[in-house]
Amino acid sequence: NRWLMCKSLPPGALERIADTVVDRLRIPWFAGAVKINVSLVPPLVLLPVFLHVAALHFLLGLVILTSLPVVVLWYYYLTHRRKERTLFFLSLGLFSLGYMYYVFLQEVVPRGHVGYSQVVALTCGLILMLAALSRAKKDPGYLPIPASNEKSSHRGLPNKSVRGSSNGLHGVTMSGAAIGRAVNGEAKGYSRMSAEELEGVKKDWCVKCQLVRPARAGHCRLCGRCVRRLDHHCVWINSCVGEQNHQAFILALSSFMLTSVYGITLTLHTVCRGRTPFVALFYCPGAYSDYSSALSFTCVWYCAIVTAGMGYILLIQLLNISYNVTEREARLALRDNTGRRLLGGLVIDTGQYNRGFLCNWGHFLSLGSSPPQRSAEDIV
């Protein structure tokens, strides 16, 4: 009413209205109304509309395909600055896969230039990627939160100041019992480490999770949990990448790259006959001769843009594995100026865990193979 009367709105009114609309957005169901996550809706609605509009003319395709990455990056930095979790990127990725596969079956396969075996190979690659993605979505290696610390946080126990480690945790308050556990290299809810493992291993205390973290573990501010060998929080899977799911994450990226490149090649061979895929991607005179070819060519360019972005992520991951460094450790090394820039700055070598190419890859392939054992105290 104030808006219709051209009167100023009180501070925060628009945010409250938006939150109310989001909370009321539900669909009827047998067990009760189900709340809809608003971040799932834009990819489902806007992606097909944009791609169909881009297929109408070459200039429209150029404008839309250029603006889409800009909008996605803007939304990423917006949510990253607000420290918000969102399903937008996961929804965009999954729906893009499904819609590209649908266009391939509806527009490319009926032309008769794609064989049955090629469709089966593309489908198997898609299934493998989804299986790896499902595994990557599971537990990345969360450290259990000690139940005793949750109770002690409500009691006024005497605190002592503890010096933080390389993560910049200075002036952290810990109870006397927690300090004793930290000195012994033990946190309740996590395994006791042997004396050999404690030598030269850097540990630190997490204020939010109230536990002593083992070496290379870190706290994710978006998930609110500590993760063993934390690499980074990936918005495309809406989860952390850590010790337990890093291998599945690399497998999902690799499967996506191979499947996407294979699908792009098959589509270009069908739409632009007689030209190599790389040449056809930039020069295909008959692409806009009919709407079916234009839509297929537009989807190819959309896939090429997404594939280039995912290829860059995969390249950084493979280089980090080769030097046995995580994204989190690389950021900390840049902040503290303790790492070496290699390969034009693509990788930051901290030198702390680098044991050579073969040993580094052997260490990565053995991640999660032997889960940490619980101490006798925790089992009881």
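In case you wondered, yes, glycine gets a Cβ from its N, Cα and C as well.
The transmembrane segment annotation in TrEMBL covers 49-75 (among others).
Residues or ranges marked as transmembrane segment by TrEMBL: 87-104 (among others). Sequence-remote contacts of a segment are chain residues at least 6 beyond its ends whose Cβ falls under 8 Å from one of its Cβ atoms, and for the transmembrane segment (87-104) they are 37, 39-40, 42-44, 47-48, 51, 72, 75-76, 79, 122, 126, 129-130, 235-238, 263, 266-267, 295-296, 299, 302-303, 306.
Marked as transmembrane segment by TrEMBL: 116-133 (among others). Long-range contacts of the transmembrane segment (116-133) within the same chain, counting only residues at least 6 positions beyond its ends with a Cβ under 8 Å from a Cβ of the stretch, are 97, 101, 104-105, 109, 237, 248-249, 251-252, 255-256, 258-259, 262-263, 266.
Averaged across the domain 'Palmitoyltransferase DHHC' (202-330), the predicted model reaches a pLDDT of 91. Here TrEMBL flags 202-330 as domain 'Palmitoyltransferase DHHC'.
Look at TrEMBL and you will find 248-271 (among others) tagged as transmembrane segment.
The transmembrane segment annotation in TrEMBL covers 291-315 (among others).
Across the domain 'Palmitoyltransferase DHHC' (202-330), DSSP helix (H, G, I), strand (E, B) and coil residues number 68 helix, 18 strand, 43 coil.
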